[in-house]
Every structure is written in structure tokens, then in C-alpha cells.
Amino acid sequence: MSKRPGDIIISTPGSKVRRRLNFDSPYRNRATAPTVHVTNRKRAWMNRPMYRKPMMYRMYRSPDIPRGCEGPCKVQSFEQRDDVKHLGICKVISDVTRGPGLTHRVGKRFCIKSIYILGKIWMDENIKKQNHTNNVMFYLLRDRRPYGNTPQDFGQIFNMFDNEPSTATIENDLRDRFQVLRKFHATVIGGPSGMKEQALVKRFYRLNHHVTYNHQEAGKYENHTENALLLYMACTHASNPVYATLKIRIYFYDSIGN
């Protein structure tokens, strides 16, 4: 009799060898890394090769080049350090100069397919010693009918309760002109304990945002005729400002109708 139920003694002319009969899968006893079960069914097939995806993900696939545009994919970067205040600041993201390079637009029309916001918000030496929490609100806006030499201020576009940027919504009479495409925030904490003097900002958004310029070549807000892309930033603390060191990259395609 064998001592274990899974053992059997196999006799051979040379020797007796004790073997273990294993009727399970050979992968059962192998040490494997823990797997993370993805609940989103669409994301589970995202990194698979095309021939292994179901038919639905092969047929109804978003095109690499936006409709009505042509390649190659061009890139424009905006790198700047800003002083984010309670009253808010604005950056024009769709400033692209007309020219022949990979950072220029060919004609009046182009489409911003995606945007990549990378950087950090931080406090200086004097502010980070104070006990406070400061949130920086980011609003990515579409200006459908740009007008004037510079974009409007934060307080002119947004309606706020008690001048609080976290409660900002578009003014009722401007909702047809301005639309909030994306909204996010980052938090820094000052004080001797639990201090978080800087916070990383890393966002990637697909927009398919069509921009139209006039006949001028310079990439300025005053030369926009349709759909300027704006980034508004405001901090929630009334007296302590925050510095934002950001690198903003837009990936765009030229329109066929130029």
C-alpha cells in the first residue's frame, strides 16, 4: 500500500521507482504571477493584435486620421511656467503658425486629434510652510466664436458661488459659445506635517477638435475664426498662489479642404 493516495509503485526490471500520478493540469503547480482581471470588456481587447480581436472591434474601429484630414501627424508643444492665482489664468492651446514644417499648419483648417498635458504644480519655500490645502482646477474649453485680441478672463466666462473656482460653471448667456471639453484638478498641501509641496499632472485626451484660422499666418488668438482651444487654471486658495510647470503637446492633422 502506498502512503499517499496519488502515489503508485511502478516496478521495472532494474529498480523500483515511486512515481506520482498527477491528473491535474501541468500549469496548476507552476508558480505564476498574480493576474489582474479587467472588468472593462473593451479595454481587455485593446492591446491585442488585430487578428485576435473580435469582429466588432475590427470593423467598428476609430480611424487613425480624423475624418476630412490628411497626414502626417504634426506636433506642437507649449512649455511655460505659470503663476496660478485665485482669479484664474488662461492659455491658448491652438496657437499654430502657418508653415511647411511638422509643427506648422498648411492652411486655415486643421484638427487637433489629441492633447497631452504633462508637468507639475508646486509651491515656493514660504507658502509650503503654512498649514493649508490648495486645489488647482483645470478647464479645457472650446471657444466656438473667438473675438478680440486676447481670450476673456476666468471671471468673465465662469459663474462662481462666492468666487470659488471649484464651483465654476459657464455663464448662461455664454453656454452656446464656450463648452467645457475636459475638467480635472490637482492638490497640494502645505504645513509641517503631511506636506505635499508638489503634485504631478499627467493627462491625455482625445478631442478631434477642428480649428479654423483666417488668412493670417501667425498663430495668435486674434487670428482664430472658429473653435479656439483654451486651458483655464485657477487655485481654490484665495491668498496662496501655486506655480504650474507644464508641457502641453497637441497632435493635429491638416484638413483636406485647405
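Quick reminder: no glycine exception, Cβ is built from N, Cα and C everywhere.
Annotated features in Swiss-Prot:
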- 3-20: motif 'Bipartite nuclear localization signal' (MOTIF)
- 41-55: motif 'Nuclear localization signal' (MOTIF)
- 69-86: zinc finger (ZN_FING)
- 102-123: motif 'Nuclear export signal' (MOTIF)
- 202-249: motif 'Bipartite nuclear localization signal' (MOTIF)
Residue counts (helix, strand, coil, in that order) that DSSP gives for the zinc finger (69-86): 0 helix, 16 strand, 2 coil
Outside the zinc finger (69-86), six or more residues from its ends: residues with CB under 8 Å to it: 93, 95-96, 102-105, 110-111, 113, 121, 136, 163, 165, 233-239, 241-256
The motif 'Bipartite nuclear localization signal' (202-249) [mean pLDDT, rounded to integer]: 94
